[in-house]
Amino acid sequence: MAFTRKRQREQQLQLYSKERKIRGSLKICSKSVIFEPDAISQPILKIPLRDCLKIGKHGENGANKHFAKAKSLGISLIFSQVYFIKEHNIVAPYKIERGKMEYVFQLEVSGKVEDVVETLLQLHRASCLDKLGDQMAMITAILQSRLARTSFDKNRFQSVSEKLHMECKAEMVTPLVTNPGHVCITDTNLYFQPLNGYPKPVVQITLQDVRRIYKRRHGLMPLGLEVFCTEDDLCSDIYLKFYEPQDRDDLYFYIATYLEHHVAEHTAESYMLQWQRGHLSNYQYLLHLNNLADRSCNDLSQYPVFPWVISDYSSPELDLSNPATFRDLSKPVGALNPERLERLLTRYQEMPEPKFMYGSHYSSPGYVLFYLVRIAPEYMLCLQNGRFDNADRMFNSIAETWKNCLDGATDFKELIPEFYDEDASFLINSLKLDLGKRQGGQMVDDVELPAWASSPQDFLQKNKDALESSYVSEHLHEWIDLIFGYKQKGSEAIGAHNVFHPLTYEGGVDLNSIEDPDDKVAMLTQILEFGQTPKQLFVTPHPRRITPKFKSLSQASSYNASMTDSPVSPGEESFEDLTEESKTLAWNNITKLQLHEQYKIHKEAVTGIAVSCNGSSVFTTSQDSTLKMFSKESKMLQRSISFSNMALSSCLLLPGDTTVISSSWDNNVYFYSIAFGRRQDTLMGHDDAVSKICWHNDRLYSASWDSTVKVWSGVPAEMPGTKRHQFDLLAELEHDVSVNTINLNAVSTLLVSGTKEGLVNIWDLTTATLLHQISCHSGTVCDAAFSPDSRHVLSTGVDGCLNVIDVQTGMLISSMASEEPQRCFVWDGNSVLSGSRTGELLVWDLLGAKVSERIQGHTGAVTCIWMNEQCSSIITGGEDRQVMFWKLQY
């Protein structure tokens, strides 16, 4: 039987057979007639249409004697074979009765007899065609004809005030069965009305309840749409398959537009950011990736795929602190056994094109039902022509299954999400199914668990603990690279021994190019049975997770060392810990920012802010060419210094608060002694305007419009008037275009630069080499900065985008658009406080991909922003020449 059967009609009726009268429902499917009695003790009858000898109306033209008393016409089926299903309400292999038989079905609404008989005759003609392609074409035509003669019943609307936006034909998809009908969307609800009124007259989903929607491939075609009303549930609320891609896309657009105002849209990159920062568990992240990659519980050929993570199923105790307990997540299942892999590679080398390493997939309908046979036995019976698999090939033991995946010549299957969920029923034969007897004589019953599991619930809990363990958290990105990422296809897949049959990959075959309908159906059936590789979500290496070990970074660490462990002793409390607590508290209340004071101390836009350690003195630079010193205590301007008639672009205070450095559009960097009140040094190091400067450990970093970032060594002269200090150029980081901004990571091993053409560059300062160059803005990069843990870079540009980049891989993992460019910002890795061109301060929730708060501030663009170490005090400067002092109120 084909994977899907379409339920055409369902009618309440009475069955007359051998003078017995049985009430029930008649279901006319695309290739069979099914009668389901009301009395559960009676078996369900399935009559394949191809086995029907005669179909007609009963009760006219000399009806059989024992039906003569029938009150109205019935439907007569004469056939050669019938299947009996669930006899005595027991799920068991189908019983088959052969020989010429006649059943009569009397409908409660006699006026529909002629219509039903006509449909049966049409479907019977289709089932008797020689070619499978011709059969499917005729069945589709019959279905479309029926759908064209009906429409959605508007009386099913929840409210008379609802406005209809769209109506079209579609099918509701469930495992193995699709149900045709009509989809209708209004301003408040999504409806699906089955043609046959089964399982209920109308399925209704309130748009306000929708949380996620996904476009789906169904039968390799872009026709599916799945709707979820929850954030993390495995199963959706409805899965629809449309007949035209445009209908699917139109409905998706309408719901997505509605959701834009209510729910943040999530991409693989936004989920990745949440996962990296510990806001999603490994289980939740894998569920989301599966959903984004077209995997659905309603499609057995694309069921969600989860990894084996434990490799020890023999020890009496499970030691999750021992790396040997875990499976190597950097290898596909087929490559875990070196001896088997060697044999497979030998065959691969000798194979003609197209080559593949594995003759079976890691996820297929057969494998899914292998795991779920105890809770979905009817699916397996339907898939395997009414029979269970051989008892010795059933899912009998966890350890046996794992061993077979390691050693079997054609067994490379991964797991399904149920292994990490709450419900252990798929491990227990609670239905008391007769699944057969094994060669050793024992009956197949509950799944045999490892010695370290005391019960099915304990097994699942330990599996979940393993999935969320430190080892898996640190290595899960390697498995994601294989299944959803850059090692899924091409040369990287070959190098990772991760090559499956070409037909399993998206785009592996173009069904539309196959002209013969028989060949097309055969190809589709083969692909669906074999299994499909998930849609590729990432084309560059997936970043690893930020585990709790990465609490602090060593001062001496290089780029590579900054990615290694730097543990903090348990229970160790320090001033730094208290500072971290105050930072967390401040960022949690950042939306409560309030303007405290404001002063207009410049004649043009403010470009830079620096504050003394005790917070009493504030230094600002401006396009009016001046450096100003303002006293917070006396609230008075104390000094105004001009080095040239050109604009100053930024400023910073050297440690000790004795020297202020300013960068200028006149190509120079100026050192000003606070104690002596005069310029003490000038660095003439660039051929164009200096746009930004940074300082760390006696090193100056200067960015310029001359397309360079230069690293200088040297301490300015202590006493003004003494010989001028010689600055040594340690490194020159060359760019192709003007550099607009730079920033250092916390330990000054990395530098990020942003250019006027939208490039963000990440540099390793220990070797003065470019690690990554990301083209992620369509114009000038306004600002760029590392997260406190050095894992991510955030950049803003004149294009209005806020982009998050993973430092380790250079991958753009999140991008959000704002209505106006954000000229400057500060951030803690999760939240952002940015200054907008409109003068507002915006608080961004990066993980939720939304603006949490808009705070009115300047009357022109916010051009620079400063935040103290405790994150409790903020100063901004703007094009309106104002310097504003902000405080958190909590």
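Backbone N, Cα and C define each Cβ position, glycine as well.
Residues or ranges marked as domain 'BEACH-type PH' in TrEMBL: 159-256. The domain 'BEACH' annotation in TrEMBL covers 260-545. According to TrEMBL, the feature repeat 'WD' maps to 683-713, 732-773, 774-815, 855-890.
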- Mind checking which residues of the chain, 6+ beyond the ends of the repeat 'WD' (683-713), have their Cβ under 8 Å from one of its Cβ atoms? 646, 649-652, 654, 661, 663-671, 727-744, 748, 751, 753, 756, 763, 765, 768
- Task: Helix, strand, coil: count each for the residues of the repeat 'WD' (732-773), based on DSSP.
- Result: 0 helix, 26 strand, 16 coil
- Message: Looking only at the domain 'BEACH-type PH' (159-256), what is the model's average confidence as pLDDT?
- Response: 91
- Query: Which numbers of helix, strand and coil residues does DSSP report for the repeat 'WD' (855-890)?
  - Reply: 0 helix, 20 strand, 16 coil
